[in-house]
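The block underneath contains the structure these notes are about, expressed in structure tokens.
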Amino acid sequence: MGIIDDVKDTLSKAVFSPATLLTGRGGLHMCQIILCVVTFLLGAFRGGSSHTYWNYAMFTWAFCPIMTLIITIIEMFKLDIPLNLFCMDWPDFATGMAMSSSLMTVTVAITYANFYACLKCVYGWIVSIFAFLCGILYVLEVVKDKFLDRKTGSYLAALPGFWKVMEAFVSCMIFISLSGYRDKPALIFCVIAYIIPFPILPVIIATNILKKLKKCLPFNLDKFVFIFLVISVVLYVFAAIIWPIFMFKNNPRPKDCPPSFCIWAIEFMVAFLTYVNLILFIVDLIFTLLGICNFKRT
């Protein structure tokens, strides 16, 4: 009966509370949503749909406010209370999403300014300024949660989960930067190496967020993650060797190669991000192995 009473007491607290919007957190969420929507509309009016970086920017300015709106609605109706009891660590999820949105919006602001802002591109500067404001608002939420409110994360807002988010994010940046590989079979194998680990990362993240689901798994998730990371490291070592050799052999950097629209610079970015993700996977593999061996990760 004690468990049933606890459940009834928890569900009784899940009531509509518009006062949530009047708090500092609610006001910050409203500013994030409005500014991202304005930036999305400005970017859509500016155009540039043939460019993968523009497509990713538009996705970011749509995805981040939608997730913020969902989080706001859940907290406004106090649905985070039963979710926290039955399904997930809600504060960890909310803070983790703010950290992920910060990573996405800040990076998109930098790349958009690099490609579309110039001395004569006034409109590009306007969109870039709004993009940086979006990133600043999400960074402010992270600072508020992690340093002012001192919220501690259990997964997504802690090192293990956010590290996986960074691996997935770098993979996305590699995908939108891919070019010049279609007529080179060796580079196609590199693309396959990039693709294989990517869909498994969000599954691992979601399984760890949904703590009840994790307990129902018929296998040890940490050991599965370890095997996945070993495979990912092998694949990225292969790509880290093959991509530079076959992409830049007899293909030196052109004399006139500005970073904003030089294909060689974008191809070099793929090589650079490959090494970044390789390092992320290796460090993650080491920490996961230490965790399996009962060394506590701080």
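Using the three backbone atoms N, Cα and C, a Cβ is placed for every residue, glycine included.
The annotation domain 'MARVEL' is assigned in TrEMBL to 20-150 (among others).
Per TrEMBL, the feature domain 'MARVEL' maps to 155-293 (among others).
Summarising the annotation, TrEMBL assigns transmembrane segment to 27-47 (among others).
Sequence annotations record features per position, and here TrEMBL assigns transmembrane segment to 53-74 (among others).
A Cβ distance under 8 Å defines the sequence-distant neighbours of the transmembrane segment (95-116), meaning residues of its chain 6+ beyond its ends; these are 32, 36, 43, 46, 48, 51, 53-54, 56-57, 60-61, 63-64, 67-68, 71, 124-125, 127-128, 131-132, 134-135, 138-139, 141-142, 145-146, 151, 153, 155-157, 161-162, 165-166, 169, 173, 209, 259-261. As annotated by TrEMBL, transmembrane segment applies to 95-116 (among others).
Long-range Cβ contacts of the transmembrane segment (122-143) within its own chain (Cβ-Cβ under 8 Å, at least 6 residues beyond either end) map to 25, 28-29, 31-32, 35-36, 38-39, 42-43, 46, 57, 61, 64, 95, 98-99, 101-102, 105-106, 108-109, 112-113, 116. Per TrEMBL, the feature transmembrane segment maps to 122-143 (among others).
Feature annotation from TrEMBL assigns transmembrane segment to 155-180 (among others).
Residues or ranges marked as transmembrane segment by TrEMBL: 186-205 (among others).
Outside the transmembrane segment (225-248) by six or more residues, the chain places 180-181, 184, 186-187, 189-190, 193-194, 196-197, 200, 204, 267-268, 270-271, 274-275, 277-278, 281-282, 284-285, 288-289, 292 with a CB less than 8 A from a CB of the stretch. Positions annotated as transmembrane segment by TrEMBL: 225-248 (among others).
Same-chain neighbours of the transmembrane segment (268-292): 159-160, 163-164, 166-167, 170-171, 173-174, 177-179, 194, 197, 222-223, 225-226, 229-230, 232-233, 236-237, 239-240, 243-244, 247-248, 253, counting only residues six or more beyond its ends whose CB sits under 8 Å from a CB of the stretch. Residues or ranges marked as transmembrane segment in TrEMBL: 268-292 (among others).
Summarised as a single figure, the pLDDT of the domain 'MARVEL' (20-150) averages 89. Among the listed stretches 27-47, 53-74, 186-205, the one sharing the most Cβ pairs under 8 Å with the transmembrane segment (155-180) is 186-205.
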